[in-house]
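Taken straight from TrEMBL:
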type	residues	note
TRANSMEM	40-62	transmembrane segment
DOMAIN	44-461	domain 'Major facilitator superfamily (MFS) profile'
TRANSMEM	82-99	transmembrane segment
TRANSMEM	111-133	transmembrane segment
TRANSMEM	139-156	transmembrane segment
TRANSMEM	168-186	transmembrane segment
TRANSMEM	192-213	transmembrane segment
TRANSMEM	273-292	transmembrane segment
TRANSMEM	312-332	transmembrane segment
TRANSMEM	339-361	transmembrane segment
TRANSMEM	367-396	transmembrane segment
TRANSMEM	408-427	transmembrane segment
TRANSMEM	439-457	transmembrane segment
Amino acid sequence: MFMGRSDQARRLLLVADQEHPNSHQSSDGGVDCNSSATGFLLFTAIVAATCSFTSGYCIGYSSPAEYGVLADLSLSMAEYSVFGSMLAVGGMIGALLSGKTADYFGHRTTMWIINVFFILGWLAIAFTKVSWLLDLGRLLQGIGIALTSYVGNIFIAEITPKNLRGGLMSLNSWMTGSGVAIVYLIGSVVKWRGLALIGSIPCLLQILCLFFIPESPRWLVKNGREKEFEGVLQRLRGKKADISPEAAEIKEYAEFIQLLSENKFLDLFQKKYARPITVAVGLMILTQFSGLTGYTFYMTNIFVLAGISSEAGYVTLAVVKILATTLAIFLIDKSGRRTLLMVSAAGTCLGSLLTGFSFLLQQDHHFWISVLALTGVSVYLVSFNLGISGIPWIIMSEIFPINVKGSAGSLCVLIYWISSWAVSYTFNFLLEWSSTGTFIIFAAVSALGFLFTVMLVPETKGRSLEEIQASVTSVLR
């Protein structure tokens, strides 16, 4: 006698199709919104991605700072491992807050909150004389990075037309890689306290720039601010752009999703979300257990064990990271997310095998063995930054419907940081156990990630968010 929510939703979509028969379809099946990049859109995306630059700077900080912190604060290697892993502990806390914070306050306001965590963290590290304040600063940074991991990607995904989405979302990955590269370069000439103070500069710049960018149009329509939504979408697409087809699809899909269910965490575990959850969580695990944190947090240790000059090593890797992340921006909307992920997983597997093999031959003390180690690390970082670095976050932001996006984002970021903590805390102990064995484990995870991508990860290039979400869940079936 009574129509269920899913039946109401299907009827709404059918009525919408009759009223706007062209609002969903273009020649490739999505909204005809192959827009050019307006200056305002680019400015907004760059400002949002600045959080990712600071995140990269935080992530890379512990490598060049390691021996200065150990000497000045008289820390043991175990205590420094705790400092490194506190970033992941903060990440777990931030993961639990990320989705709900962004849903409640909005994406732009959440970016202001992120910068407060970053600045407090840098000040605690720069002026500390005791280890607990050092750890607290790292914890606060971890909360900021976790919020960035969710909000930065979701925001850019929601403001960008589908034909530009992959490239503009790669800005986050490029900014993260650039942040790591810059802290490596500056850290080779600046001591750890000064290095921390420099890290607060991009935070202050972003706080000012946030006054000049809008809220996400999809967040606005979800919260009933339709008049503001249309104005923001028009500014992002340009004054002369016809936004009516895209605006119609966004509004119709938002209404449709609202009728399906409320945004509750347990909604994630319905059968219809099994595939997107499996894909997103699997990619988060791949990102960390393929060795990212070990390579990034403790690069100085790898250089010392391999007999590589830290200065030469950091300069080489800084150049490599910037080139790789720049290349990824141009490839992602041409090659596709899935293809780049497979290439990236295969390359990180090769890089870890080369690094492990160099440690196996270390007793020979030949110069070429150090070159082999640096080559292995470089191959790993190039490959990682081509795909695994940013694409899992892009896919995570694309595949979840807006009604569960907050909860799904929190879950994915939580899994990411739990994995990060496991790798960052155990890495030095694994190196003591077996340098070769450590990198063989990373290579094996990368190989499994390649198979996982082949079997389960969908291609999302050139499709609207609403199209992607309908295809990977069963809500429209």
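Backbone N, Cα and C atoms are what each Cβ position is placed from, and that goes for glycine too.
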When you scan the chain for residues with a C-beta under 8 Å from the transmembrane segment (111-133), skipping those not six or more beyond its ends, what do you find?
48, 51, 54, 58, 73, 75, 79, 83, 94, 101, 105, 139-141, 143-144, 147-148, 151-152, 155, 192-194, 196-197, 199-200, 203-204, 206-207, 210
Can at least 3 Cβ pairs under 8 A be found between the transmembrane segment (439-457) and the transmembrane segment (339-361), with each pair 6 or more apart in sequence?
yes
For the transmembrane segment (139-156), find every same-chain residue at least 6 residues outside the stretch whose CB is under 8 Å from a CB in it, and list them.
45, 48-49, 51-52, 54-55, 58-59, 86-95, 97-99, 101-102, 107-108, 110-111, 113-115, 117-118, 120-122, 124, 165, 168-169, 171-172, 216, 393-394, 396-397, 405, 409-410, 412-413, 416-417
Would you mind listing the long-range same-chain contacts of the transmembrane segment (82-99), meaning Cβ under 8 Å and 6+ residues beyond its ends?
58-59, 62, 69, 75, 117, 131, 134-136, 138-147, 149-151, 293, 297-298, 405-418, 420-422, 424-425
Considering only Cβ pairs under 8 Å, which range in 40-62, 192-213, 339-361, 367-396 makes the most contacts with the transmembrane segment (408-427)?
367-396
Give me the stretch from 40-62, 168-186, 192-213, 273-292, 339-361 with the greatest number of Cβ pairs under 8 Å to the transmembrane segment (367-396).
339-361
Whole-number mean of pLDDT values that fall within the domain 'Major facilitator superfamily (MFS) profile' (44-461):
87
